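Record features (TrEMBL):
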TRANSMEM  A:21-42  transmembrane segment
TRANSMEM  A:80-102  transmembrane segment
TRANSMEM  A:123-148  transmembrane segment
TRANSMEM  A:183-207  transmembrane segment
TRANSMEM  A:214-233  transmembrane segment
TRANSMEM  A:253-274  transmembrane segment
Amino acid sequence: MFIKFLDHDLRYGIGRAKKRLIVTFIMFFFLSIYHFWTLRIFELTDPQYLESPVTTADYFLALIGGCGKVNLISGAENDFVMPTMWFVFVLWMQFTSLYYPFAELNGIGKQLMVLSGSRGNWWLSKCVWTIINTITNYLIVFAASTIAGLCFGAKPSMQANWYVSRELYMKVDDLTSSTTWNIWSVFLMTGFTMIVLALVQLILSLILKPVQSYFVLAGYLFAGAYIQNPVFFGNYAMGARNALLVSTGLTMPFGILLGIWLAVLSIGIGYFVFQYRDILGSDLS
Amino acid sequence: MKSLRHFLQNELYNLFHSKSFLFVLLILLLIVTADDILAYKSYKDNLQLTLTTVDLQADGTFAEYPFLQIYTLYNSWIGGRANETLPMVFFYTMPVFVVIPYSWSYLAEEKNGYDRIMASQLGKASYFLGKYVSTFLSGALTVLLPMLFSFLLASCLVPAYRPDINFALYYQVSATKLLGNLYYAHPLCTAFLNMLMIGIFAGAWATIPLALSFFEKNKFVVLFAPYLVLLYIIASLQKASVYRSFTETSVLNYIWMTSSSSNQSIVVYTIMTVSLILLPLAIVLERGKNADVY
């Protein structure tokens with residue numbers, strides 16, 4: 001029964017959402033191109049940055065890197081620059097998995113649940129759908145930035161050059177390398193964080209309704225952009241705050257443990273709440 | 001016109017009794033209260049530090065210049081606080097929370113047929129104008145009520161010292177900001193002008209989903225797609241203008257007085273605000289005139 005639910009979700013929630021997937025690709029392809037613009041400036045101001053070849057990893061890191069740690073000192077110049085590009089990325093990723101589960105529930109989902117006689121399978125199927133949908137969208141973002149890089153002459157590689165740190169407002173003294181970083185682990189950690197946040201959004205949607213949950217999650221993510229702390233889990237999706245890149249960054253093992261705990265908690269609480277909540281008589285849109 | 005007035009009264013009654021509005025208001029009141037308490041703590045810590053480090057003279061005045069003005073009412077309410085987390089959350093999530101209470105009401109009325117009843121009673125033009133005005137007011141009130149509360153609470157906790165230009169770093173309001181010069185001369189006036197700017201933006205932003213609902217019927221897309229588009233535009237302009245131009249292009253940085261923004265231009269701000277007001281209004285009136293409601 002679970003497989004049938006999942007098959008239905010994948011077909012309708014991803015297979016028939018081609019328009020959304022195309023929009024994701026176009027959006028992030030064009031956002032990635034801005035890195036090329038910045039490189040043209042660096043050619044004039046700091047040509048030494050470009051001594052080693054520009055890679056596709058530079059494009060990807062510039063897109064999803066966020067911003068370095070902010071020093072919150074009263075009476076000092078505010079050095080915080082809003083990582084708007086990163087917000088477009090995370091809020092879009094959350095948006096892509098926001099409405100399908102509950103739109104389906106208010107449509108055919110209720111009938112399917114009654115016919116199958118299993119609420120648990122419905123919920124677990126939506127959790128797995130959320131994970132697969134997030135991975136799909138994340139891979140599209142990665143493909144978009146990689147293709148944008150290749151179009152502008154970048155070398156296909158996951159070795160990101162250190163000069164990207166300037167674009168991400170990272171402090172030079174804190175960098176762990178003065179040449180390159182292999183960003184495979186940053187790539188995986190960012191994807192993992194997106195999955196966990198999508199699952200948290202799913203349980204919040206069940207408790208608060210999807211519209212309100214998006215507001216709460218957006219506020220949580222904005223607070224995290226200002227405060228570098230594991231409590232604000234969105235920090236793990238910022239390459240610029242990863243311990244691989246900066247000595248003051250957040251370590252991945254703890255992030256993975258915290259993420260697994262959050263994901264299991266979200267799925268578990270959702271499973272429990274879903275069993276006892278009046279789903280059939282309420283409007284969760 | 002009497003009917004339109006009754007319609008607006010009814011719409012505002014519905015707004016104030018909707019769960020979404022109360023939910024958003026509750027969250028915002030919690031945010032501004034927490035922020036005011038943190039502002040009060042900063043003020044109190046500074047006062048205690050001053051009293052322990054600066055000697056008092058025989059006549060009760062300070063022997064040295066006390067740095068008390070670094071915390072004043074005008075940089076303690078949510079719109080004036082600098083380098084803090086909660087004001088940033090408040091301003092950057094504003095386009096999300098102002099649309100939650102009422103911006104989708106037309107879509108809901110279209111679904112349950114209420115729009116047909118009202119349009120036949122009021123006339124199409126009056127109904128859609130009333131819908132625009134009530135949606136505008138819902139957005140503006142959603143943000144103005146918590147801000148007024150924050151200002152009143154802060155004024156109960158922190159003295160209203162006039163901001164001193166020597167402590168400009170503590171206020172983060174420089175001459176490059178639209179209200180930068182007025183801030184030091186007439187701070188109270190500046191605070192209310194700033195609230196007005198924020199209220200106009202919030203009201204205008206709340207009407208965008210109303211205009212969009214003529215073209216798209218998915219509630220989530222109607223409510224949140226404009227916000228994502230706004231962030232996309234801000235990110236694009238930020239990246240496109242980096243090292244090339246120092247004129248501020250983010251509307252959110254214009255309305256947030258203490259944001260870390262570049263040079264603010266009155267022309268850019270006016271164009272953005274007028275566009276935000278007129279475009280949705282034109283769409284609502286034009287599409288409303290041709291809407292197939294009866």
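A Cβ is built for glycine as well, from the same backbone N, Cα and C atoms used for every other residue.
Note that this is a predicted model, so its numbers are computed, not measured.
Remote same-chain partners of the transmembrane segment (A:80-102), defined as residues 6 or more beyond its termini with a Cβ less than 8 Å from a stretch Cβ, comprise 9, 12-13, 17, 20, 24, 27-28, 31, 34, 62-67, 70, 126, 129-130, 133-134, 137-138, 141, 168-169, 194, 197-198, 201-202, 205, 209-210, 213-214, 217-218, 221-222, 225-226, 234, 237-238, 240, 284-285. Distant neighbours of the transmembrane segment (A:214-233): 66-67, 69-70, 72, 80, 82-83, 86-87, 90-91, 94-95, 98, 193, 196-197, 200-201, 204, 208, 241, 248, 250, 254-255, 258-259, 262; these residues of the same chain sit at least 6 beyond its ends, with a Cβ under 8 Å from one of its Cβ atoms. Listed stretches A:21-42, A:183-207, A:253-274 were compared with the transmembrane segment (A:123-148); the greatest number of C-beta pairs under 8 angstroms is found for A:21-42.
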